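Here's the structure, in C-alpha cells; my notes come after.
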Amino acid sequence: MRECISIHIGQAGIQVGNACWELYCLEHGIQPDGQMPSDKTVGGGDDAFNTFFSETGAGKHVPRAVFVDLEPTVIDEVRTGTYRQLFHPEQLISGKEDAANNFARGHYTIGKEIVDLCLDRIRKLADNCTGLQGFLVFNAVGGGTGSGLGSLLLERLSVDYGKKSKLGFTVYPSPQVSTSVVEPYNSVLSTHSLLEHTDVSILLDNEAIYDICRRSLSIERPTYTNLNRLVSQVISSLTASLRFDGALNVDVTEFQTNLVPYPRIHFMLSSYAPVISAEKAFHEQLSVAEITNSAFEPASMMAKCDPRHGKYMACCLMYRGDVVPKDVNAAVGTIKTKRTIQFVDWCPTGFKCGINYQPPTVVPGGDLAKVQRAVCMISNSTSVAEVFSRIDHKFDLMYAKRAFVHWYVGEGMEEGEFSEAREDLAALEKDYEEVGAEGGDDEDDEGEEY
C-alpha cells in the first residue's frame with residue numbers, strides 16, 4: 001500500500017484540510033462518522049482509498065491526518081463540527097496560546113513545546129502504514145503557526161523520515177489582500193526552510209482564488225469556505241490517482257520526478273478547469289480540448305502570477321472523469337502549437353499526463369457544477385519568481401528600517417537569520433532567471449549552487 005499522511009498546520013492548513021476531508025468522504029461514500037455503508041462500495045470493493053484512510057476493526061475509516069494549531073479555536077471547530085466523529089481525538093493537537101503572527105513564536109518559543117507531541121502522533125500514523133509514500137503538508141506562510149511551526153515540523157520530518165517525499169500546499173500572501181503587517185517577514189523566513197525541506201511546493205494565493213470565484217462562479221463576496229472548496233478540488237485531483245484506479249495513474253514521487261528539474265526549482269503553479277457554476281454548466285459542452293485550454297489561461301492560475309511572463313519547464317495534467325488518452329494527446333498537441341505558451345528550450349516534451357476515470361465529485365450545496373470531466377494542472381514555470389520578488393520587495397522596505405524586528409528577536413531569533421533567509425530568496429530569484437535564460441552555453445556554471 002502506498003499511504004500518504006496529511007499534516008494540517010495553523011488556521012489556513014486546518015480549514016483547507018476540512019474542505020479536503022469533506023470532499024474525500026463524499027468521493028468514497030464515507031459517512032461523517034467514518035462508516036462506509038457496504039452498498040456504496042466505491043469501485044467494487046477496490047481499497048485504493050486506504051492510502052488516505054485506515055480502517056479500524058469496527059469498520060470505521062479514519063483519515064491518516066494530523067491537525068495542529070498553537071491555539072484551540074480553529075481545532076475546536078473540527079472537534080464540534082460535522083466530521084467530529086471521523087477523527088481520533090489524538091489527531092487534533094492544539095496548544096493554549098497562539099503564535100500571534102510571529103514566525104519566531106511558532107518556530108522557537110511556543111512551537112517547540114508542541115512539536116514533539118506532533119511528531120509522536122505522526123509516528124503513530126506512520127507505524128500504521130505498510131509502505132508510507134510521503135507527507136502532504138498544508139499551511140500558510142503569512143501567519144505565525146503555519147510559517148513557524150510549519151517550518152519546524154518540516155525540518156524535523158526531514159530528520160526522522162529522510163527519504164520520504166514531502167508535498168507542500170502553501171498559501172502565500174496576495175499582492176493586494178493582506179491579513180497581517182508582518183506577512184513578508186514570516187513568508188521569507190518560512191520559504192527559507194520550504195526550499196530545503198519540501199520536495200514539491202504548490203503555491204496558492206487567496207486573491208487569485210477570490211478572483212476565480214468572482215469571475216467564474218459569479219460569487220460576489222466569496223468566503224473562505226468558497227475558496228477552500230475550490231482548493232480542495234485541486235488537491236483531490238492530484239491525489240485521485242492514489243485513491244482510485246485509472247488509465248494513467250500518477251504517484252506522489254512521480255510529481256517530483258517530472259516537475260522538478262533542479263532541487264531548488266520546486267515551486268509550482270496550479271490551475272483547475274472547468275470552474276463553472278450550475279446555471280452555466282447546462283449550456284456548455286466542456287470538451288477535453290476546452291478544459292485543457294482553460295487550464296492554461298493566466299486567469300485560471302491559483303497564484304497571482306502571469307505565466308506569460310515566464311517559460312514553462314514542465315506541466316502535469318491530471319484529468320478525471322470521461323476522458324480517453326486520444327483526446328488528451330490531441331489537446332496537448334494543440335497547446336504545443338500555441339505560440340503564447342512557451343517552454344524553455346532545454347525541455348522539449350514538458351508534459352506529464354494522468355487520467356482517472358472517477359468523475360469529479362461536488363459538495364452538495366456548493367458552488368461548483370457537477371461535470372463529466374475536469375483537469376487539474378500543476379506547472380513549473382519561471383514566472384513563479386514574480387511571487388517571490390513581490391514578497392522580497394515588501395520585506396526589504398520593512399527590514400531597511402528594522403520595523404517589527406524586535407518582536408522576533410525577543411522570541412529568541414537572531415537578526416542574522418533574517419538576512420540569511422533573504423539572501424537565500426535572492427539566490428532563488430536568480431536561479432529562476434538562469435533557468436529561463438536562453439541558450440545552452442551557460443550550463444557549466446550551474447554546478448556551484450547545488
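All positions are counted from 1 along the displayed chain.
Each Cβ is built from the backbone N, Cα and C atoms, and glycine gets one as well.
As the structure is a computational prediction, the values presented were derived from the model and not from experiment.
Here Swiss-Prot gives region 'Disordered' for one range in the set 94-114, 430-450: that range is 430-450. What Swiss-Prot records for the GTP site is GLN11, GLU71, GLY144, THR145, ASN206, ASN228, and among THR170, THR179, THR257 the residue it adds there is THR179. Taking a C-beta cut-off of under 8 angstroms and a sequence separation of 6 or more, GLU71 (GTP binding site) has the following same-chain neighbours: SER94, GLY95, LYS96, GLU97, ASP98, ALA99, THR145. The GTP-binding residues named in the record, GLN11, GLU71, GLY144, THR145, THR179, ASN206, ASN228, extend over a maximum Cα to Cα distance of 22 Å.
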